[in-house]
Amino acid sequence: MDMDEFQEMYASESREHLDILNDALLTLENDPENMEMVNESFRAAHTLKGMAGTMGFDQVSELAHAMENILDELRNGEIAVTTEVINLLFRAVDNLELLSSDPDQVEDLEGLIKELRNYTGDDTELSTGNQETSASSNNDYFSLDQDELEMVEDTPGETVIIKVILESDCVFKSLRADMVFDALEELGELIKANPSIDDIREEKLDEEFQVLFLTKESKETLSDALSNISEVDTIEIEVVEDLDDLSIQQESTGAEQEDESTIDGAKDKDSKSKKKSKTQSLSSRLRSSSTIKVDVDRLDSLMNLVAELVIKRTQVESVARSYDLDDLEKKLKPLSKVTTDLQDAVMEMRMVPISMVFNRFPRLVRDLAQDLEKDINLKIEGEETELDRTIIDEIGDPLVHLIRNSIDHGIEPPAEREEKDKPREGLVKLSAFHEGNNVVIQIEDDGAGIDPDVIEEKAIDKGVASPSEIENMSDQEIINLIFAPGFSTNEEVSDVSGRGVGMDVVKNKLDSLNGSIDIKSEVGKGSTFTMKLPLTLSIIQGFLTTVADQKYVIPLESIQEIVDVQPEDIQTIRQEQVIHRRGSVIPLISLRNKLGKEDDFEEEEISTVIVEIANDYYGLMVDSIIGQQEVVIKRINDLSENIEKIAGGAILGDGSIALILNVEEITIG
Amino acid sequence: MAKKILIVDDAQFMRTMLKKLVEENGYEVADEAVNGEEAVKKYKEQSPDLVTMDITMPKMDGIEATREIMDIDSDANVIVCSAMGQKPMVVESLEAGAKDFIVKPIKPKKVKEALNNILE
């Protein structure tokens, strides 16, 4: 059978079992009495072992097997749940992950497996069932004692020697032998086996064993009865003509049988604990048999098709409008509803709960807390919030960075917290929720907060901003400097949140996703990072405007209102044009100016789109406003001069192209 | 008509692999179940000709499920799928009434043999 086609399924399913292991071990660490978690982990390790073995991934299989043994002893209460054993198991999980994702990073596997085995006090045995102890007797003859010989002589029927050869890769040979004995039971009398039945029961046999059997049945009947047993390779039946061929000896009791009682004891315990686990389990979330898995690429291409359909629909609509075809327009209404529904349905298919990313964090936080010797309580809220798969894939790294920052720089060491009258345990809260067409993710900590004075000093030091620039900045603006390229608040780049990735990388990532990030921080109280992300990437609602004969789309999510500004309303403060509106001063930005076009407003009124960016309002002056429209974002690859001000392109109903403005970029500087 | 087989395993990977082997050998998959409880339920609904039964599963393990299936139908054909090192469990399953066993990592040849031995 071709194993390649199972690769992908193996990859995704083993991923799920690794997640279960991670979750269960975390829960177990906090709640060492929780036997269900031990069972849970055991099952996951066990399943992994089996899957990997079938795929021929021996290292994975062996590692999982070693874990399984430890978990089994935890289950039986032979060893206790300690940080040490949990750490060891976590290391095994990490390496299992690496074996499938990045095999070069795997630590010394043999050493790890040895460590795991040592922990169970079992460093000799590899996998059970493989111990080939040589059969206690290689003698082809049966040694009968007096009683047995008499029995053979007294029983009517023929005496036969049945030689059974099992397939060489048969695992539980003793069980196959047992099945042979069972099948023979009704057909006659079993006198003796070679190796002895006791040895066979202890797996002390090679592929071959022989049975001395008394029967009235024919050879054929015997052979038929045995051939239906799996893994039996050949059966030879030979009638014993002369009983003298059977050498008579004093039966020797095998000295090897001493440890039998201990094996039986273990068996009992094992099967008892097997029966217990019936409670609801984590892994139940894996089994909704009515779901199918679809390659993300397929969904992407479906998404693209739907996007094309939306474009084509808008094209037809615009023809209907320009030729005043009322009938056509009417007919198009239901079509447009269907396409909208279709679009929603496809979007929904791409939505996955944010728990997919959040799930990693309990483990991350645990490890960080341990490394940094801090006490951290991680709270997660809203993990069921759904987001487009593409976005989920992208936000993992930024989130990891922010959480690391919170724990490394935010939360103070326990002693320091006590001095400040804070609880020893620092709180990191991760939450997600919907807000309009956005998903908001917050990372909140009750740590030291960000001190603007410190930021100020560093910013000047690093040349991110000049002292005169900073003089005019509000505290909030100063704090925002941490997003500037080349800024890092920590002097010595620490092991944990250093890694040469700055907050500017986080910000860039969010920009590229059409999202935003801002900070609220209070010295001594803590910080909150708020990320806003679009629900989906591909289709946005926006206002279509024209600037110097080119169409631009302003994303609806940032728009507050649209006003016509009269020239006499415009005031100039510090060489900046502003308007007063509802008690606040709103700076005006000429898009012509920003986009490098000729800036000459002659109109009486200036159409202005008021946008909100990070709690500040700006008025974007445009030539005219066409109206609200749904546009499909297309990536623009070639780098035009204004590339950072443009978030993408869109094809409009009439076939023309509009550029989607990156409003945040426009309002900077 | 092709004989029908109920595949019971909590790992989708194993189910898919078994399904392929079942079909390659000319049998039909009646249904799949992901734990013992579901296996018993589906056995009642479908009365398959044979069941491949994983041992280690959540909710209800394969041994208990084999027992319950044998209670429903004393002629039921159950093949347990065990892992290396699960010998005691295999013994228990055979005592519960399983007709045969296969050992993971499963080998196509062994599955074929076990199926044919019972169904042919």
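Cβ from N, Cα, C; glycine included.
Remember, it's a predicted structure, so these values are computed and weren't measured experimentally.
Taken from TrEMBL, the feature domain 'HPt' applies to A:1-103. What TrEMBL records for A:291-537 is domain 'Histidine kinase'. Sequence annotations record features per position, and here TrEMBL assigns domain 'CheW-like' to A:539-669. For A:H46, the entry in TrEMBL reads phosphohistidine. Marked as region 'Disordered' by TrEMBL: A:250-282.
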Checklist entry - Relative to the Cβ position of the residue listed as 'phosphohistidine', how many further Cβ atoms are located within 10 Å? => result 26
Next on the checklist: In the three-state scheme derived from DSSP, which category covers A:H46 (phosphohistidine)?
Outcome noted: helix
Checklist entry - Can you count helix, strand and coil residues in the domain 'HPt' (A:1-103) using DSSP? => result 86 helix, 0 strand, 17 coil
